[in-house]
Structure formats: structure tokens, C-alpha cells
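Once you've had a glance at the structure underneath, I'll fire off some questions.
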């Protein structure tokens with residue numbers, strides 16, 4: 001609520017309407033100053049950047065854990081870590097990469113880009129956005145704080161019961177893990193709801209559903225998947241916490257519970273989770289491909305439909321993670337068929353991209369390098385996925401290093417390669433400067449080579465019988481040479497990430513100045529300055545075709561008449577994005593932070609005493625009341641008059 | 001496609017893939033399905049990478065630094081730098097994508113059918129005269145109970161299972177604590193051991209040999225060291241082994257061994273372990289009746305010899321940190337006697 005506008009300059013002295021409006025918008029949307037201002041920030045570009053940077057830090061931490069594990073496994077009977085520490089490290093690696101890196105990173109990229117791509121000024125629920133970020137941060141700090149205090153979880157990122165239950169994992173380790181899950185899923189849900197409403201109601205006039213950029217489609221599908229998948233794991237982790245803290249027996253077979261119930265709940269979330277990470281990456285790839293082949297992505301409708309059907313089918317095949325649990329025959333056949341079915345839309349997606357490549361004029365810049373590498377890497381992972389989704393084969397390689405190889409090909413190939421491509425592509429928009437080309441090529445080639453060197457041998461190790469999640473192995477198993485090779489690859493990957501960091505820091509200061517649209521791109525985020533101003537667009541754009549910027553190359557039509565002295569945005573209709581009404585969005589406030597902290601106090605205290613519910617409940621009541629306390633409507637008298 | 005030669009190289013370099021090195025009918029069936037899937041995968045990967053490289057070689061956009069012109073039929077007249085799209089080519093690409101989707105569908109169907117027929121073939125392998133073994137998973141060791149039609153001939157052993165060559169073995173899997181998973185790469189497929197649930201798995205060895213197995217589901221601190229050995233031997237040898245295992249432990253013959261037995265029975269050992277023919281009958285740890293007939297210690301992770309045995313008794317935690325065997329303090333004489341006694345338990 002920016003009610004106290006400074007006195008505007010004399011209308012007579014301002015000749016240029018546009019300059020006048022820009023001034024107004026700056027004053028209306030400018031963030032508050034100082035630390036308080038930083039903490040109360042709710043603008044989507046700022047929240048998105050925080051998500052991205054925080055997730056990147058967790059990516060680095062997860063990478064260090066991966067290096068430690070690879071070092072430990074580089075030879076038989078290595079003594080770098082004992083089993084207790086190793087089990088914590090691999091649990092931290094999995095939990096970090098899945099819960100603290102991949103999903104929040106995609107969330108952050110979406111929150112940053114989607115409002116820009118659909119031509120609006122902020123996300124639909126700015127304060128919910130801030131709340132989501134703070135809970136995510138608290139979850140991450142909780143997990144790493146626990147790890148540093150030697151209460152890092154050690155039952156795996158999947159925390160199978162009964163191992164993770166009260167009897168076989170006494171202490172607080174698994175409790176901390178379970179609470180961290182709840183936090184990050186709260187953030188995930190907040191972000192997802194926000195994106196769905198933003199996409200449905202805040203698109204620029206003319207951007208009907210069938211003109212939305214593919215990235216926005218991807219984010220929409222991903223957000224719906226979050227809404228349906230995350231509650232499953234929140235229910236599961238809450239049941240686990242209750243088993244552990246107040247003696248319920250959801251998962252205790254001795255008391256009528258069921259150990260497999262956990263696996264069903266967990267994988268009903270866990271498999272869609274992979275697509276929650278992968279589908280935004282599909283959107284990034286489509287964005288990059290359109291720009292670097294200089295044509296539209298071949299087959300807009302099939303591509304959208306494949307993303308939607310991957311989203312649906314993704315919920316129907318979780319049981320292939322449980323093929324070794326002894327399923328009845330019909331279950332095996334059904335879930336094999338369902339698992340194979342997802343290969344069809346994935347295939348169609350890939351074929352459409354190949355057609356795009358085939359029919360375009362390739363502009364071989366770094367973002368495209370990562371996309372091309374994605375093809376080789378991801379298809380390899382997808383094919384081993386078909387093998388693992390086939391019941392009879394899975395019974396052999398399940399829970400061996402073959403699986404480790406497979407999902408690193410899928411997740412690094414399907415998410416990290418596109419993310420790095422996206423980083424090279426959108427870095428100019430975020431920072432106003434280009435990432436260095438020469439270091440970028442070194443970064444790319446070392447990563448590509450190091451990745452394949454690390455993970456390809458693991459297929460082979462799995463077929464030789466090496467189990468997952470072992471801290472050591474005997475000299476007599478014959479696994480050492482391939483493990484050594486994989487460790488060498490991991491070191492090369494680490495070098496590559498170091499090069500990337502150097503490139504980022506160097507380019508932030510000295511990179512080539514980018515300008516609004518260095519790539520000649522087609523989506524709306526490139527029509528504003530780099531980085532975008534706090535109000536995103538001087539005039540809200542309107543859209544005349546699927547590739548908004550290319551379609552409107554002559555003169556970009558805009559909406560005028562939205563007030564610039566309030567945080568006002570245009571709300572449009574769901575299907576055709578015809579303008580509906582104007583709405584005012586809330587501004588910066590500290591309340592989301594206080595609510596997140598109250599949630600944190602409750603969830604952390606509950607680990608130690610049931611009184612946590614009471615204390616946290618009171619704090620939540622107070623902070624939520626503060627957040628939603630009715631405020632007087634906008635004070636009309638303070639608003640300056642619009643110049644004529 | 002660059003990877004196929006690498007894989008083949010790796011195959012020759014490491015003396016075969018154990019999973020594909022089938023030593024029994026179950027793994028042979030699975031192997032032919034595996035070969036089919038591997039072939040399909042290699043062809044698909046080759047096709048995708050070659051198409052991509054083809055596109056890369058075919059149509060470079062000219063100068064690398066200049067932004068090439070946009071090609072899109074939705075660009076209205078006057079759109080900057082637009083080039084008309086070749087409609088015939090777009091149609092050809094549409095047909096190619098459609099054809100590729102149909103091929104994908106057919107291939108997936110073939111895989112589904114092959115999977116189902118493999119499952120049916122595995123089910124047909126069951127035979128009525130199979131040997132039944134109950135496998136119980138413990139943190140972190142394996143209990144094998146070889147069953148017989150005559151219940152008095154049931155025997156209990158740990159971490160080393162003998163099976164007759166050529167005869168199917170039905171494994172009834174269960175767990176005492178957390179979830180474990182049973183797999184011998186050359187002989188079986190994989191199946192979990194779940195508390196509160198009994199799973200069944202078949203196994204058959206066609207040739208004699210010693211095969212390593214291990215736990216494949218993360219089961220806590222010492223998941224890495226939860227191994228076992230399967231010894232496949234001729235039926236006569238197996239019967240001899242069974243007869244021998246059915247005997248109670250041989251009584252100690254000399255004074256040292258007798259002293260060792262006393263140390264065992266009076267010390268903490270008997271609180272967890274059983275030796276048939278003595279008063280020790282606990283079942284927390286592995287049954288030690290014929291412990292000296294086994295080739296390994298500590299669930300398949302150490303060779304069975306006096307040095308390792310002594311080390312294990314005195315400080316099992318240093319050899320396998322976190323396992324449930326406490327450190328035992330014994331005077332040297334007692335230790336010596338205990339070792340002699342345990343080594344006599346052939």
C-alpha cells in the first residue's frame with residue numbers, strides 16, 4: 001500500500017507523458033529501503049531471484065556431498081567416512097537435490113519469468129509468494145543446521161519405514177527430515193497456487209490459452225501436478241512424524257499398520273515429483289529452441305498435449321518404484337503398461353523438437369549447446385527408464401547402480417542441462433549482462449564429458465550387482481576400476497561448476513551489456529529492459545499471436561489507462577484473455593516473514609515437545625491476524641492527480 | 001551412438017556383466033528380454049542423435065554472431081526479417097513426427113507383450129518338487145531355514161545357503177526388523193523382505209559354483225555389509241551338506257575346546273547365539289552350530305579364519321561399525337579356547 005507518494009513534479013514542467021508515467025510507476029512500485037525493505041519485499045522478480053540463488057547454493061552443497069560420496073567409493077574399503085556419516089551424506093544429497101534444489105529452482109524460475117512472459121506487473125498473490133520463500137529457507141536451514149549438529153537424517157531421502165520409524169531410527173534425525181519436507185512442500189504449494197492464478201487471470205490481453213508461450217504452459221502443468229502430488233507426501237511425512245512423536249502406528253506392521261503404505265504415499269508424490277522437475281525444463285527447452293532455430297516450435301498443439309498427458313500419466317505409475325515388493329501379477333502388468341505409456345508423449349515431444357531443429361536455421365550459441373546435449377543425455381536416461389519400467393527387467397536391476405545411472409541421466413539430463421541452457425539464455429534478462437562465451441564453452445564441454453564419465457559406468461556397475469546406498473564394498477567384487485572412472489568424472493564436473501561460478505561472477509561485473517533483447521527472442525519478457533524495472537512494463541503489452549514479439553514486430557500494441565499511482569494490474573478472462581477488470585495488488589509487508597517464522601517455531605518445537613503445537617498455534621494466530629487485519633481502503637486524498 | 005563401442009569395450013574389459021552371466025533358467029529368461037530392450041534402446045538413441053547431428057550439419061544459420069532471420073508463417077507482412085515458411089516441408093515433417101509416434105507405440109506394445117510373456121515363462125518354471133527355504137532378513141545378516149517334508153529335518157543356518165544344482169528352490173522371504181531385499185545376480189530376480197508380509201521367489205542353479213548375494217534395500221547403518229553366499233553343488237553333495245547340518249554340534253574333544261565351550265556358554269555369547277546340542281538357544285544372532293563350515297564371517301564380508309574370528313569377537317565394531325555384536329573382553333587364554341572351540345564347529 002504505497003499511500004504516501006512524494007509530491008510529484010509540477011505537471012506543467014513535464015512535457016512527456018511517458019516520462020511522467022514512468023516516474024509514477026517507479027514511485028508506486030519501488031521497493032522499500034534498507035533491511036526492513038529487503039525483508040518485506042514481495043515483488044515476483046525479487047522473490048524469484050531469491051529462490052534461484054538459494055536453490056543454487058543448495059545445488060552446490062548437494063554437489064559437495066556428491067563429491068564426498070564419490071571419493072569414498074573411488075576404491076574398495078576407503079576410510080574417508082564411516083557408515084554413519086556416509087548414510088547422512090547420501091540422505092542429505094538426495095533430500096537437498098530433490099527438495100531444496102530442483103523443485104524450488106524450477107519454482108523460482110517460474111515465479112521470475114511467468115509474470116514477465118504473460119505481460120503483468122506482479123504475481124497474483126505477492127505476499128503468499130514471500131511467505132513461500134521464507135518457509136523454503138527455514139526448511140533448508142533446518143535440514144543443514146541438523147546436519148551440522150550431527151542430527152542429519154540418515155534413512156535416505158525416501159525414508160522407508162520401518163527403518164525410519166521410531167524403533168529403528170531413534171533420536172531426532174528423521175523428525176528433522178520429516179519437518180523439512182513439510183516446509184518445502186508448503187513453499188511448493190504456495191508457489192503453485194500463485195502461478196496457476198497468475199497464469200489464468202493475469203495474462204496480457206489477447207494472450208488466449210492457445211497463444212501462451214510453451215514455457216508458461218509447462219509451468220501451468222507443473223503447478224497443477226504440485227497441487228495434486230505434494231499433499232500425498234505431506235500426509236505421509238505427518239503420519240511418520242506422528243508415529244515417531246506421539247506413538248501412532250500407521251506404518252507399524254506389529255500393530256496393524258503397513259510398511260508398504262509409506263511407499264505408496266511416498267511414490268505417489270515421488271514419481272510425479274520427477275515430472276514436476278522435468279516439465280518446466282521442457283518449457284525452457286522449447287523457449288530456447290524457438291529462439292535459436294529462428295522459427296516457432298514445430299507442433300504447438302502436440303507439444304502442449306504431451307506436457308499435459310505427461311502430467312496425467314505421471315500420477316499413474318508410481319508402483320514401478322515398488323516392483324520388488326512382491327506385487328500380484330495384474331499389478332505388475334498394469335504398472336508396466338502405465339510406465340511404458342509415458343514414453344509416448346515424451347517421444348512426441350522429442351520428435352517435435354527434432355522437427356524444429358530440422359526445419360530451423362540453427363544459431364549455434366551456448367543455450368543451444370545445452371539443448372543439443374540434453375537430447376543425447378535425456379534420451380539415454382529415458383531408454384533406461386523404459387527398461388526399469390518393465391517389470392521383468394526391473395526385478396534384476398532395481399536398487400542397483402543401474403538405477404542411480406538412470407535417474408541421474410534423467411534428472412541431470414532432463415533438468416540441469418536445460419537449466420544451464422536457460423541460465424545462459426536468461427542471464428542477460430536477469431542481470432543486464434551476457435555470460436562469457438569462452439568460459440561458457442569450457443563450462444559446457446567439461447560438464448558434458450564429466451557427466452558421461454561419471455554416470456555412464458554406473459549402468460555397468462549396476463549390472464555387475466553393485467547395490468545403491470552402500471558406503472563401501474569389498475576388494476573382491478571387481479567394482480573398483482569403474483568406480484574410479486566415475487570419481488574422475490565427478491571431479492571434472494566439479495571443475496566445470498567452478499568455471500560456471502567464475503563466469504557468473506566475472507560477467508556480473510564485466511560481461512557485455514545485453515540490451516533489452518540480445519537474442520531477438522519472441523516472448524514478452526524481452527520487450528522490457530534488462531533487468532526489468534520494479535513495475536515490469538511501462539505499458540502492459542497486448543498480444544496478437546503465439547510468438548508475441550515476432551508477431552508484433554512493427555508496433556507492439558499496449559494497454560493504457562491502468563493507474564500508475566497504485567499497484568494496479570489488469571485481470572483478464574480465463575480462456576481468451578479479454579480484459580475483465582482492474583485489480584490492486586498488495587505491497588511490501590513483513591507479515592509473511594512473521595507467519596513463516598511462527599510456522600517454523602511450531603514445526604521445530606513439535607520435534608521436542610507437544611507444547612510446540614500450542615505455542616506455534618498462538619504465534620500463528622497472532623501473525624495471521626496481523627497479515628489479514630482489514631486495512632482502510634486506499635486513501636484517495638493522497639493520490640496525486642493525473643497530469644493532463 | 002558414440003557410447004555403444006564404449007559399452008562393448010567395458011563388457012570385454014571387466015570379464016562380463018554378472019547379471020547377464022546367467023547361471024540359471026530364471027536369469028536366462030530375463031536375459032533375452034534384456035537383450036531385446038538393449039537393442040531397441042541402442043537403435044532409438046542412434047536415431048535421435050543422428051537426426052540431431054543431421055540437422056546440425058544441414059542448416060547452419062550462417063554467421064555465428066549475427067542474429068539469423070526469423071522463419072515463421074505467423075509473422076504478418078512487414079514483420080521484421082521474416083522469411084516465408086516452406087509449407088511442403090512442414091507437411092513432410094508432420095508426417096515424419098506422426099510416423100515416429102506410431103513406431104513408438106508399436107515398440108512399446110512389443111515391449112509390453114515381451115514383458116508379459118517373460119513373466120508367464122518364469123511362472124511356468126515352478127515345479128512341485130522344489131526345495132523350500134525360508135529366508136529371514138535381520139539387521140545385518142541372513143537367516144536361512146531349509147525346510148523338509150519332515151519338520152524334524154528342518155535346518156537353520158546363516159549367511160551361507162547351499163542349493164542342489166538343477167532343482168528349483170522356492171524362497172519364502174520375511175524380515176524380522178526393517179525392509180531388506182534379496183538378490184543373487186547370476187541366479188535370480190530380486191525380491192524384498194518386508195516385515196508383516198511373506199514374499200516368494202524362485203531360484204535355480206544350472207551349474208555348480210559359488211555366487212555372491214547381497215541386500216539391495218537400504219536397511220540402515222551396515223546395509224553395505226549384509227552379504228551372503230550361495231553354494232550350488234551336485235544333489236548328492238547337497239544332501240551330504242544337509243545331513244551334516246542337521247547333526248547337532250560335535251561335542252568338544254580336547255580340554256581346550258571344552259574350556260572354549262564353557263566360555264561360550266557362560267559368557268555373553270549364549271545370550272544371542274544358538275549352538276544345537278548345547279544349552280545355547282538364543283536367536284538374536286546367527287546360529288553357530290556349524291559356523292566353521294561356512295566360508296565367511298560377518299555376513300559374507302570377511303573370510304572365515306582364526307585372525308578374523310578373533311578380531312570379530314574382540315571388537316566387531318571396528319570391522320563392521322554399528323552392527324549389533326558388542327565387543328567382548330576375554331583373557332587371552334579364554335579367547336584362545338573359544339577360538340579353538342568355534343573352529344571345531346565344522
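Cβ atoms are placed via backbone N, Cα and C, with glycine included.
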Transmembrane segment per TrEMBL sits at which of A:1-25, A:26-50, A:151-175, A:176-200?
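So the range that TrEMBL calls transmembrane segment is A:176-200.
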What else in the chain is close to the transmembrane segment (A:51-73), if you only count residues 6 or more beyond its ends and a Cβ gap under 8 Å?
80-81, 86, 89-90, 92-93, 96-97, 100-102, 104-105, 107-109, 111-112, 133, 136-137, 140, 144, 454, 471-473, 483, 486-487, 490-491, 493-494, 497
Can you give me the average pLDDT across the domain 'Cytochrome oxidase subunit I profile' (A:32-544), rounded to a whole number?
94
Near the transmembrane segment (A:439-462), which residues from the same chain, at least 6 beyond its ends, have a CB less than 8 A from one of its CBs?
70, 366, 369-370, 373, 377, 384, 397, 400-406, 408-409, 412, 420, 424, 479, 482-483, 485-497, 499-500, 502-503, 506
Under 8 Å between C-beta atoms and at least six residues away from its ends: which parts of the chain pack against the transmembrane segment (A:407-427)?
97, 102, 105-106, 109, 113, 274, 277-278, 281-282, 284-285, 287-288, 291, 365-371, 373-374, 377-378, 380-382, 384-385, 433-435, 440, 443-444, 447, 451, 454-455, 458, 500, 504, 507, 519, 525
Do at least three C-beta pairs under 8 angstroms join the transmembrane segment (A:93-118) to the transmembrane segment (A:368-387), pairs 6 or more apart in sequence?
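By the criterion, they do not touch.
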For the transmembrane segment (A:212-234) and the transmembrane segment (A:130-149), does the number of C-beta pairs under 8 Å, pairs 6 or more apart in sequence, reach 3 or more?
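They are not in contact.
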Are there residues at least six beyond either end of the transmembrane segment (A:130-149) with Cβ under 8 Å to its Cβ atoms? List them, or say none.
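For the transmembrane segment (A:130-149), the list is 40-42, 47, 50-51, 54, 58, 61, 88, 92, 95-96, 99-100, 104, 107, 172-173, 176-177, 179-184, 186-191, 194, 592-593, 595-597, 599-600, 604.
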Cβ under 8 Å to the transmembrane segment (A:333-356), counting only same-chain residues 6 or more beyond its ends: which ones?
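For the transmembrane segment (A:333-356), the sequence-distant neighbours (Cβ-Cβ under 8 Å, at least 6 residues beyond its ends) are 282, 285-286, 289-290, 293, 295-299, 302-303, 305-307, 309-310, 313-314, 316-317, 319-320, 323, 327, 375, 379, 382, 385-386, 388-391.
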If I count Cβ-Cβ pairs under 8 A between the transmembrane segment (A:274-292) and each of A:368-387, A:482-506, A:613-630, which range comes out on top?
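Stretch with the highest Cβ contact count: A:368-387.
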Cβ under 8 Å, sequence separation of at least 6 from the ends of the transmembrane segment (A:613-630): give me the contacting residues as numbers and ranges.
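Result: 127, 589, 591-592, 594-595, 597-599, 601-603, 605-606.
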